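*Asks:* Let me begin by handing over the structure; questions about it come next.
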Amino acid sequence: MMVDVLIKDISQMVTMKGSNGPRRGKDMREVHLIEDGWIAIKGDKIVAVGSGLMEENLKIGKNTMVIDGKGKTVTPGLVDPHTHLVHGGSRENELALKLNGVPYLDILAQGGGILSTVKATRKATVEELMQQGKRSLDQMLSFGVTTVEVKSGYGLNTETELKQLEVIRQLNKEHPCDLVPTFMGAHAIPMEYKEDPDVFVDIVIDEMLPAVVERGLAEFCDVFCEKGVFTVAQSRRVLEAAREAGLKLRIHVDEIEALGGAELAAEMGAITAEHLMVTSEEDMKKMAKAGVIAALLPGTSFNLMVGKYAQARKMIDYGVPITLSTDYNPGSCPTENIQFIMTLGCLAMKMTPEEVFTAVTINGAAAVDRQGDIGSLEVGKKADVVIFNAPNINYIPYHFGINHVDKVLKNGKLVVDKGRVI
């Protein structure tokens, strides 16, 4: 077989070989490293992975791209399973408020936070949203991310929610990264319904959701279950309607106060529960039993300066599968740098480098229901591959604040070279 791409003499390769995940407990440390390895690609698929001498049936031709992996670490394409990528405006004006100790929910109650981004997103044109989205996706790709979950939720009316989701669909067509769309009309209560949130929930269920489903614009539905946002009862209503309409479920819970959202995620069979900064051990056990993946967002804790992080170690001990994400958004976590999030996973949440890589590869893939296609370097999976300028996996979270990516292949095509999108 003539191969299109051969990466050879790889110092360390993280294959993530094994079950399609999600991995949990001690299995999160089993990344199945190969040293002095190689990987062969034909078209958009991985056709062989090994160490030492290449298999005899694989042929290199004059058109084969041969990449030297000496001194490099090679991993599956990274997955960022929780982002708010498409938005208008920015919120640097809130930095001074945060530094003066104004709580996040107080900023939201004053019409800031999510609501200020809603205002900007409603005003933004499709072209403006496309340009902003492409910039952020280029940044993510340069850091090694090849698959991104993207939520709506900065419209809070049918017209703008559809506009956001249409932009997400178009970005998915035009950008190398694969985008997984999530409808999040229940992201906040807009000012016009502040005194009657149940009416807004009716609009999400009866008007927004059918319009989204009719157009095939979303794969998932998400809700922000939090004090001052949506109650457990309201969240359940939205999720039940979304499930009945054929969408898969995810839910923002326990970011600031534990209302019972993690238990709701387990009850509803959500694929992910996200944030989980104040989740009880009892609810961790319920999530583990139900197989809910914990999408942890340490960058948000870092940026909000709350002094606490999700209890990743306890979750791992209880058997909750964990993924990590940037939570990229213009307010509580304005970063596209997944590598910094990996460092926080180690330093702030005491995860091992092996657990961190599991979290951003195969478990990230499971969090967006793509584990059969991506998340590991195995024969038959998509050729989404990252080549890091690092001698081993420990070096990447250890040496933080820079971009370690040398090259990225997406579907077998070189899309990043020398750390730059091409």
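Numbers run from 1 along the shown chain.
Each Cβ is built from the backbone N, Cα and C atoms, and glycine gets one as well.
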*Asks:* Since Swiss-Prot lists H82, H84, D327 for Fe(3+), which candidate among H252, H399, H404 does it give for that site as well?
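*Replies:* So the Fe(3+) site in Swiss-Prot includes H82, H84, D327 plus, from the candidates H252, H399, H404, H252.
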*Asks:* Restricting to the same chain and to sequence separations of six or more, state which residues have a Cβ under 8 Å from that of H252 (Zn(2+) binding site).
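*Replies:* Same-chain residues close to H252 (Zn(2+) binding site) (Cβ under 8 Å, separated by 6 or more) are D222, V223, F224, C225, E226, G261, E274, H275.
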*Asks:* Sort H252 (Zn(2+) binding site) into helix, strand or coil using the DSSP assignment.
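*Replies:* The three-state answer is strand.
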*Asks:* Let me check the 10 A CB neighbour count of Y154 (4-imidazolone-5-propanoate binding site). How many other CB atoms are there?
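*Replies:* Excluding its own Cβ, Y154 (4-imidazolone-5-propanoate binding site) sees 30 Cβ atoms within 10 Å.
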*Asks:* For a quick check of understanding: among the binding-site residues H82, H84, R91, H187, which residue's Cβ has the most other Cβ atoms within 10 Å?
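*Replies:* Compared across H82, H84, R91, H187, the most Cβ atoms within 10 Å surround H82.
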*Asks:* When you measure from the Cβ of G331 (N-formimidoyl-L-glutamate binding site), which residues in the chain that are at least 6 apart have a Cβ under 8 Å away?
*Replies:* R91, E94, G113, I114, S116, T117
